[in-house]
Amino acid sequence: MDMNMNNNNNKGKSKLKQNQKKRVELILLILYAIGFYAFCICRSLHLSRADHFSKLHGLRAGWLFPPRLNDVSDAQWRNFRANLPILTLVFGVFTMLANIAGKSFHFRAKGMSIIWLFLSLIYLSYLHGACIIFILLIASANFLLVKIFANAKYFPLLLWIFNLVFLFANRVYQGYSFSKFGQHWAYLDKFRGTFRWHICFNFVILRMISFGYDYHWAHRDSHFDQEKHIRRCHVCKSGKVCYQILQERNVHTNNFAFTTYLSYLVYAPLYIAGPIISFNAFASQLDVPQNHYSIIEVTWYGLRWVFSLSLMELMTHLFYFNAFAASGSWKKLSPMDIFIIGYGVVNFMWLKFFLIWRYFRFWSLIAGIEAPENMPKCVNNCQNLESFWKSWHASFNKWIVRYMYIPLGGSQRKLLNIWVIFTFVAVWHDLEWKLLSWAWLTCLFFVPEMLVKSAANAFQAEGALGGFVFRELSAVAGAITITCLMVANLVGYVIGPSGINWLISRFLSKEGLHVLGFMLTSFYVGTKLMFQIHDAKQRMQ
């Protein structure tokens, strides 16, 4: 009895010491993180001083802290920011009309699909003008292909060939010219709208593939265990319906009508940039609007978006990260400043996409259609490639898992699948060598991570020492992974494959090695902080 009490006391003391050590470690990590960000902010402000203005492209007169300039060098962000007022007016009117019509006439899937198809075609007519004809023709051909061949064994291959042909052809021929089909059609080239249709059509292709697969699977028994999922899902337990259920549960074949299909392809709130939603989930919510988010939660979601927009305005007025990258001026900087600019560009890209995707998702939620959250985690809270890709364009990741990864064999062929998937992701974005370089670099970095993770799962850490060693090695691996991820994104979106040698030579110089050490140390500390956050979340559950 006494021996058991002594053992329990010893265990209690040991656990208390471990908790004290973790608290001390957490304090030290936070202090380092504060110092790191204070240094980055000071250095960034120094880089963005007035004597650099003449060398940078894309700076415009700002409205914060005049006469300070605003960095609008990123074309995508500049266009989105400039069109925010008109977009807000259009989506406000569209969602109001759709909601009033739905509630007044008690429309279900068929009625709501007609309402949204009508509104969305008005929207597309402004965006693409006469080029809407190309969209409707390709979409109609895909619908016929699905309806005729859906039960055939070779249907998935046929569906992919059809959509890949148009993915490449649209880009190669730059959206086609009406004059190519005869001079009597040439006058339509004067009415091509304000936005290139073949850029938006990349998202339409994902939706056409989704419709094809969901219709194909609707005629087969589902392998999705709904009861098991409900027992595990905290959303479903509360009486609501989560997105996973909406996606995996087959809809009735009557919902695969042409009007519902077209409404899905051109649904205005998600048409330009997503997030990407499966056909099953879209058709289900046309029938019964989402109940996951209450009116208060949607309102709070919108207010958080406004706050995030304020952060972006503050960032682009104070720090000119993207202007340095776009003008190529950073090549003349020291290795430390190159790291600061590179790190800043990654954070700018994350916040840009965060704002764009959440804006369109917000309007879709108001309309009663829930789409997956594209940025569920901050870019600075991802310590490995797998968690990064689950949190960056997450709806695309869900689409890839459902329509590519699993049909290709899933985890049984993981090492092979990632090469096929990332190559598709690259060409889906654009036909550029630098994007293919980004895709293949990411795959190269993915392979060792998967091997290490496989080995780690086989290795069971025993005792306090074993757990400590495993955690430290994981933090070191996380630091290396984050560095590789930064390099891959800079190659893919900034410097291109021709800049790899230059980047390596800069960081392997005498000055560069010190910066590389600082960078790895900072990312090591960041990874340890992520572990602390993960542990805190586990304790709260």
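Numbers here mean position along the shown chain, with the first residue as 1.
Every residue gets a Cβ built from N, Cα and C, even glycine.
On a predicted model such as this, the values are computed, not experimentally measured, just so you know.
Marked as transmembrane segment by TrEMBL: 26-46, 82-102, 114-139, 154-173, 194-213, 261-282, 303-326, 338-357, 473-495, 515-531.
The transmembrane segment (26-46) is in contact with the transmembrane segment (515-531), judged by 3+ CB-CB distances under 8 Å for residue pairs 6 or more apart in sequence. Counting residues 6+ beyond its ends, the transmembrane segment (194-213) has Cβ neighbours under 8 Å at 126-129, 131-132, 134-135, 138-139, 142-143, 145-146, 150, 155-156, 159-160, 163, 166-167, 170-171, 174-175, 256, 261, 264-266, 270-274, 276, 278-279, 396, 399, 402-403, 407, 428-429 in the same chain. With a cut-off of 8 Å between Cβ atoms, the residues of this chain six or more beyond the transmembrane segment (338-357) that come close are 40, 43-44, 47, 74, 76-77, 80, 273-275, 305, 308-309, 311-312, 315-316, 319, 321-322, 324-325, 330, 374-375, 378-380, 392-393, 486, 489-490, 493-494, 503, 506, 515, 518-519.
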